Amino acid sequence: MSAEAACSDDSFGPWAGATCRGGFDFTLLFEETILSILPSVLVIVVAPIPIIRLAREPPKVRASALDWFKKISSICFITLSAALVGLWARNSTITQTRASTPSAVLTFVLSLVYVLLSTIEHRLSLRPSSVLSFYLGLSVLFDIARTRTLFMLEDATHSAIPPVFASSLALRVVMLLLESTEKRSLLLAKYDNAAPESVGGPYNLGVFYWLSTLFFTGYRKILEIGDLYPLDDELRSTGLAKKMSDAWRKVPDKAAPNVLFATWLKTFSKAMFMPVVPRLFQIGFTYAQPFLITAAIELAATPQTQPYNNNGYGLIGAYILVYSGIAVSVGQYEWRNYRAATMMRGSIIPLVYEKSLILDSCSSATFHPTAALTLVSTDIETITSGLVQIHETWSNLVEIGLAIYLLERQLGAACVMSVGFAIVVMVGTVFLARPTGTHLAAWIQASQVRVIETSKALASIKWLKISGLTDVAFSVIQKLRKQELVVSEKFRYLLGLSLILSICTPILGPLLTFAVFAGIAAHGGSTLTIAKVFTAFSIIVLLNSPLAKIVQALPQISGSIASFQRIQDHLNAEERHDPRSTTTGTSPESNNGSQQTLSDKQATADGDTMISISGKFSWRSETPAPGTGITLVTGSDEGHLADTTPDANGDSRDAPVIDISPRLDIPRGALTLILGPVGCGKSTLLKALLGELSSFDGVIEAKYSGAVTYCDQNPWLPNETVRDIIRGRSATDTSDADSSEKADHDEDWYRVVVSACELQRDMQIWPRGDRTPVGSKGISMSGGQKQRLSIARAVYARRALVILDDVFSGLDANTEDVVFENLLGNSGILRKANMTVVLASSDVRRVPFADKIVLLNQHGQVQHTGTPGDLKQVAELGWADRDLDAQQEKPGKDELNHEHGEYSESAPEKLRRSQTNHGADNNAAVQEVLQAVESQADTARQMGDSAVYKFYVKSAGWLTITIFVIAICVYAFCDSFPSVWLKWWAEANEKNPNSDLGKWLGVYAVLGVGAVAACLIGTWQLFIITINRSGLYFHNLLVETVSRAPMMFHSTTDTGITVNRFSQDLQLIDMELPSAALGVVMALSFGIAQFILVCVSSRYMAALLPFLLAVLYAIQHFYLRTARQLRLLDIEYKAPLYTQLMETISGVVTIRAFRWETQSTEKAIRILDTSQKPSYLLFCVQRWITFAVNMVIMMLAVILIVLTTTLREAIGPGYVGIALSNILAFSATMQATITSWVTLEIALGAVARIRSFSMQVRSEDDEARDGLAKAGLDARLVQPTPETVGERWPSQGRIELDNVTASYPSSGRVLHNITMIIEPGQKVAICGRTGSGKSSLFLSLLGLIAQDSGSITIDSVDLATLPREYLRSQIVAVPQEAYILDGTVRLNADPYHNKETLGSTDPPDSRDEQIIDVLKRVGLWEKIATRGGLDMVIDDKFLSQGQAQLMVLARAMLRRDESRVLLLDEATSSLDEATTTLIDEIVSTWFKDWTVLAIAHKLDAILDYDRVAVLDAGRLVEYDQPRELLQRPTSIFKELYLLSTNQASLSSPDSN
């Protein structure tokens, strides 16, 4: 018989037979149909898709030699294909089949399609053709086999077909190289910034070669954000947000459960489908492994001769193909999964941000200033974790089905035990998934509450420190942290239970399966063989992996869906509906011309009325806190505590806050002054004019369109430079005018505005002028500077309507008068521009300048309207004790300035001292320190720090971690050793079938139970004990660091960065780190055990250990240099996004007034895109290391099969089974190790940040010690004891300042040689213009700014030697801004005596009586008593600004027996006359024997003080009795007093 006859080449095969071509070849028919016709048909069918898609695309590359080479090679391909068609058609000399000619014809047709597709994709696509690259790669691989076959045919030497076919193969190799060549250097200029994955070919993307530049850059240098690749267009948030927003808008029922999740899946179905194909390939390659193990064991049992050696060579090729396929498919599957997750982040966060801009700010049920922060941080991270697990559900079910089928083939009915266990685990997991998701949502909610309270405290840290409330406020936060961990325990219990369920199957499943099989075999006459044992064991390993993944995936998916629902609830929250209507019946917001110019508005407006309002508004009733009877609302308006108090007839929560009847008209081009007592609803009325009161019951008719300028009572200042704040979003204005002319005009206007708002002097002092950042919430600015910046922004915007909410109250008298005159005087720029101004105030001094007066009474009703001359009765009001007639008789400001021109112009200039270079030098020094710290941090960022691991272990406790590690090692041993036990059992069965079953099964059972018990102990130690300990440890460390940090830290560090530590960093430590640590320790333990078994099975493999360790070390070293940096960049660049969100929400009323919603959203999206770059690239490099490690495993598997092929007689099938089954398990273990390790690295980044933060941020006391050492004194601070400071310090209140000089590190010296003595019981007022150093002197007494020289003593105790927090706890200070704790009235009134028992509801009755008495004295008790009394839970939204100030004063009053020094920082600046008088009376009587220092702007109230200190430019220029100073003709205090009281002349103090 001839070889051709023995080959059966015309049959499908695929094997050609043992006697055909050495027994190692395919049949010709198989090769021509499967290896030729099938790929050709697929390409011909698929090719039209990219051709149609690219048809309308513009050209993207310029002409090049590459294009010509492709065309030449395509023509050669057509020629050779045509030649092969002719040769096969006329062939009579070589063996052929019925598919030979069709195969050649299809190849020729394909060559024609190839030319068209290659040309189009080269010109119109950024990347190489995926279709052609895949085809050419497969074609080359397949045609190598076909070429071998053709040359091995007996009659091949007489035919031209083999050489022509070989030439075609060689040509396709060249074509593959040409088609795979990337075109970045050929791209047109506008595509130069295309992302690497946008221009990468399939092979580049498949092996992640496109990341190599990033890796080398990160290895060589410290990565900066500019070094990272640009985002792929598909990942840019602008397009993603629009796509998702459009889809969400079309959803009919937005309240349906989980409809947001369903909508997102539908909208981004393509992105979610992309991982499906690589996942299917991964399943195929994975489940090829049991067949390879079976073939290898069978090969090991054969002699080392031909043809068995050929089988071994084929097996080597199969192992290369399968394990390489696993590496590529796993990498591509995970990469595409995380691309989808990145798209989710880019599409959902803008939705949350945009919704936050339109929420109803007057409803707490729908709005909280920082609630959205948790949604875009914790919830988004939770969604990401769950989203990447979605494909694990269906794919693992497929894997489980395949494993069960394969297991049944090996063990028959005995597989029921594994199947049964799988069903039990799946049912249990599904049963646990919902409560797990629910408890995770509860944990996130508890975390949100804590983060909100933390953000609030950090935003007011200055006022907390001044008040000595730092410990109290942060102890509330620490209590919330403990509650959060208690809430999280339920979730952690369920997570641990799910884990135990998942490990029971791989441990107990095989035990019961083999036990049942052994029982059946004993009665059926069969037995366990080595091949059957290890094939079944490998299948069970494969069965366990998807089971474990499902158990892990379902809770994560459930948590992801719960977080989607939380975001959905936010998106469904009640929106603000503008109740205003224009004269055409539409809302002012309907006009898109938010940048309409002033002249345009005036030209289109009609009549003399700008806006009209009539109706009522009541704060809507929300669900009150139990027993409080009080409504939670949001807004900075006054009066809604006072005005919603139940009256005698019952609950009046729906009583109107404002009642405007009859109609109130705001005249156009005039100044309308709204007057009224504290808490009367002035701010609420302004909110109504802005359209902020959605539930306003009445009519608001706006006879204008477009934006309004608005200054809130509490200025909204984002953390930007002074210049950017003043210019606002005006840079985005569009105009037909020449841009350079417009820029010049804007610059001229900018200078005018700066001058009008008296900011030029401040800019000269600030180290960077108008480029100086203001800090979070303007923390680095004084109160007056913040107000003037807010006013300047409003003026700069040049809108027709200007609404000002008590904006002059924070300014000193001189500055207030000058700014008011510059803006609203007879020649003021707002007057000249004929702007309509509405000013709310409690100060009647501005009455003479108003065109219209609106007088509100205490119940929010319009008591009177008219001109200043009509309001004689205002003098009869209890809240305005000034004589209005006298006010109206005062000269205008022009006259005042003229008469006192010597002071307003010359006197201040004489007093101004040129600032030294101290500030600049200090600033440079700070920069050097910061650069040094940054350099140190950068080194750690790149190289890593093993101390971080020790730091985390320390937080949990060494004993806890030791028990955990030992337990996991025991678990690994008990779970790995059964493979050896099974080998011994199978070998024993070959000698004595089915004997000693009790021994074999008994030991197996002991190992299984031991594994479960050890895992249970380890899980408990980690998930319960470790999280509780480390969670409290790291939070307390952050609290301690932040609360003790100096003010300089808070003024220069963005609040969002610090909040990020309390939110994302702690979330990573709580949620990610323990699971990742468990995965890493488990995987390492199992990996070591499995590799030991592999080495025991094949001693030659042990020789690879040094090589393996070296390769793995090199990979991780190369990877970590970049990954660590990306991890930290990811965390760092998420902080600005959180800051932007917090700033936007806190200033949403201002943003909506100015119509800056679009600009704010665009800015947020830019920040989001920046944060996406390190986040996405971190995901990518993690996929790279997964791919790299899988390739290492491929090499190990190939080496092992090579050893099996060449040394199989020495190894034996038993050890081959152990080695290969453990290589299979080792592969899964290494994948798990990498997955857990990269997560652990991210989480440990949070630990490293906290560690670095706690080490680098020095405490106030540390800086105090440095100051003492610098002065040559003992650097130890005094420990406050009766022996060191006295029994009750300060007991007298004598204050002495001796040559005190102080400075801020960032802005230079602020106090110069201040010397003054204040005797016990004296009352001293500190006055001066804004920025003169009043607040700096105040802060120096509290140890909040650095003292360069001199000393401050109180009762002979040097303040520099005292711990800073102790100092502030002993001095009673009332700050300029009040801080209201979220808690009961009792806690707020008397927080200092609740430190040890926060939350206690049963304090002594006597103390309650004292609290009530004090609240009565300040006028708050009547409003509180009917709402729950001292047990009423309040927050900062329940009190108007004035009422909150009274609450702070009540705190001070309750400390009457604890100190003798009272500091008042402009405590009455925002109060009406009656309330100011009340506070003055309390200070003079309640604190009669105290030493009082008061910063004052209202100078008529301090004439009875003992002394007045006048500061200017940080120098003490006058210090004497106020009435004595008023007698001096050249007294600066006299000039300030005249301006403060609007008096043109002053004959004697007694006349006032």
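Start at 1 and count along the chain as shown; that gives each residue its number.
The backbone N, Cα and C atoms fix where each Cβ goes, glycine too.
Swiss-Prot has this to say about the protein:
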COMPBIAS  887-912  compositional bias 'Basic and acidic residues'
DOMAIN    639-884  domain 'ABC transporter 1'
REGION    573-655  region 'Disordered'
REGION    887-917  region 'Disordered'
TRANSMEM  32-52  transmembrane segment
TRANSMEM  68-88  transmembrane segment
TRANSMEM  100-120  transmembrane segment
TRANSMEM  158-178  transmembrane segment
TRANSMEM  280-300  transmembrane segment
TRANSMEM  413-433  transmembrane segment
TRANSMEM  528-548  transmembrane segment
TRANSMEM  957-977  transmembrane segment
TRANSMEM  1005-1025  transmembrane segment
TRANSMEM  1076-1096  transmembrane segment
TRANSMEM  1100-1120  transmembrane segment
TRANSMEM  1184-1204  transmembrane segment
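In this chain, the transmembrane segment (957-977) lies out of contact with the transmembrane segment (528-548); the count of Cβ pairs under 8 Å, excluding pairs fewer than 6 apart in sequence, is fewer than 3.
Contacts between the transmembrane segment (957-977) and the transmembrane segment (1076-1096): present, as 3 or more C-beta pairs lie under 8 angstroms, all at sequence separation of six or more.
Between the transmembrane segment (158-178) and the transmembrane segment (68-88), three or more CB pairs separated by 6 or more residues in sequence fall under 8 Å, so the two stretches touch. Nonlocal intrachain contacts for the transmembrane segment (1076-1096), taken as residues 6+ away from its ends with a CB within less than 8 angstroms of a stretch CB, comprise 499, 964-965, 968-969, 971-973, 975-977, 979-980, 1018-1019, 1022-1023, 1102, 1105, 1108, 1196, 1200, 1215, 1218-1219, 1222-1223, 1225-1226, 1229-1230, 1232-1233, 1235-1237, 1239-1240, 1242-1243. Same-chain residues lying 6+ beyond the ends of the transmembrane segment (32-52) with a Cβ under 8 Å from its Cβ atoms: 12, 14, 26, 97, 99-100, 102-103, 106-107, 109-110, 113-114, 116-117, 120-121, 125, 129, 131-132, 135, 138-139, 142-143, 145-146. Tertiary neighbourhood of the transmembrane segment (280-300): same-chain residues 308, 311-312, 315, 318-319, 322-323, 325-326, 328-330, 333, 395, 398-399, 402-403, 406, 530-531, 534-535, 538-539, 542, 1201, 1204-1205, 1208, 1211-1213, 1216-1217, 1220-1221, 1224, selected by CB-CB distance under 8 Å and a gap of 6+ residues from either end. Per-residue pLDDT, averaged across the domain 'ABC transporter 1' (639-884), gives 76.
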